[in-house]
Amino acid sequence: MSLTIYTQKDLTTSLLKDKTIGIIGFGAQGKAQALNLRDSGLKVKIALKSVSKSIPLAQELGFEVCTLQEVAQECDVIAFLLPDEWHKQVFDEVAPYLKRNQVLLFSHGFSIHFKEITPPPFVDVIMVAPKGAGKAVRDEYVAGRGIVSLIGVEQNHSGEAKNIALEYACGLGSGRSAIFESSFKDECECDLFSEQSVICGGLDALIRAGFETLVEAGYPEEIAYFECLHEVKLVADLIYANGLQSMREHISNTAEFGDIMAGKQIITAESKEAMREILRKIQSGEFAKSFLKERDTHFPKLRRERKILQKSQIEEVGKKMRGLMPWVTH
Ligand SMILES: NC(=O)c1ccc[n+]([C@@H]2O[C@H](COP(=O)([O-])OP(=O)(O)OC[C@H]3O[C@@H](n4cnc5c(N)ncnc54)[C@H](OP(=O)(O)O)[C@@H]3O)[C@@H](O)[C@H]2O)c1
């Protein structure tokens, strides 16, 4: 199944030109998106709680900062660019002031898809989800390029929801590469799946298991660190730039032969079954429910695991090794 792709040249409207975009949150995405939209000629305000630590930076960068009530009263587009688990709390604060044809915008489908938030029927609900971290969203824009974004429309009260999403995505710079027409459901479920199975959960567990295997077999921890963690970036960069085949062409024949022989022993039919189970829990809402329960109980699992990892051998040796090459840390 392939998606429709849009670029800057497909824009047929200029609806955002006369509108004010209110961005709630000034973290990784909030800051990057606000700067890109402003540099694209759009009017942007930042909305934060009165006690927010982000206020000085937003003001220093020249943004007008308003309250959550003001963002709903004064802005045409309201972008929820704060952690997903706090969307509902903030939505409940802005909801009483929402007006007809305002646009609620999300960069991840979680809170709408899992019905943490139920917007009133008289607003548009759209998604513009850049497929990259905030820093990349900004860096690519400044370099004259753009991060790919997925857009989606959940509610189209105004009749212009998709065009607004396209314009916003172009304002982020995504029209310079590609804007894929998707949905809250697909973005959310695939994003959670990849975080859990591949890019965060899977990779983290693979690195740790590899490191532990070498150290338990009596090899020096420094070598185990470089082989199992540090060099991940070298291979990831090759895969990112030109794909798996090209990565194999750039590594030695020994490495390629080892890749072919060993990969299937590590990721087995059981691993694939485990992935299907992870996907099933995402699709059924079981994962979302357990995450929201974690939030409601003040994150006991997250706090415990953070402490364990902080004190782990791989992190201790990592700190020492990165200290020898401070330029890798940012
Ligand atoms: N990070 C990514 O790479 C990425 C990529 C694509 C999409 N997204 C999506 O983009 C959205 C924002 O993610 P993010 O990573 O940019 O978040 P983030 O950096 O963690 O957001 C931090 C900002 O949110 C504010 N904030 C935190 N809790 C708040 C609350 N309860 N009420 C009001 N403001 C609050 C913080 O204010 P204080 O300074 O006062 O704490 C800060 O300004 C999420 O939906 C996420 O899924 C993220």
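Count begins at 1; order follows the chain as displayed.
Cβ coordinates are placed from backbone N, Cα and C, and glycine is handled just like the others.
Listed in TrEMBL for this protein:
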ACT_SITE  His108  active site
BINDING   Phe26, Gly27, Ala28, Gln29, Lys49, Ser52, Ser54, Gly134  NADP(+) binding site
BINDING   Asp191, Glu227, Glu231  Mg(2+) 2 binding site
BINDING   Asp191, Glu195  Mg(2+) 1 binding site
BINDING   Ser252  substrate binding site
DOMAIN    3-182  domain 'KARI N-terminal Rossmann'
DOMAIN    183-328  domain 'KARI C-terminal knotted'
Quiz item: Listed recorded positions: Ser52, His108, Glu231. Which have a CB under 6 angstroms from an atom of ligand 1?
Solution: Ser52, His108
Quiz item: What subset of the recorded positions His108, Asp191, Glu195, Glu227, Glu231, Ser252 lies within 10 angstroms of Lys49 (NADP(+) binding site), using C-alpha positions?
Solution: none
Quiz item: Which numbers of helix, strand and coil residues does DSSP report for the domain 'KARI C-terminal knotted' (183-328)?
Solution: 127 helix, 0 strand, 19 coil
Quiz item: Any idea of the Cα spread of the NADP(+) site, Phe26, Gly27, Ala28, Gln29, Lys49, Ser52, Ser54, Gly134, as a max distance in Å?
Solution: 21
Quiz item: Considering the binding-site residues Asp191, Glu195, Glu231, which residue's Cβ sits among the greatest number of other Cβ atoms within 10 Å?
Solution: Asp191
Quiz item: Looking at Cβ-Cβ distances, which residues of the chain lie under 8 angstroms from Glu227 (Mg(2+) 2 binding site) while being 6 or more apart from it?
Solution: Gly210, Leu214
Quiz item: Which one is closest to Ser52 (NADP(+) binding site) in space, judged by CA to CA distance, out of the recorded positions His108, Asp191, Ser252?
Solution: His108
Quiz item: Around Gly27 (NADP(+) binding site), which residues of its chain at least 6 apart sit with Cβ under 8 Å of its Cβ?
Solution: Ser54, Leu81, Leu82, Pro83, Gly134
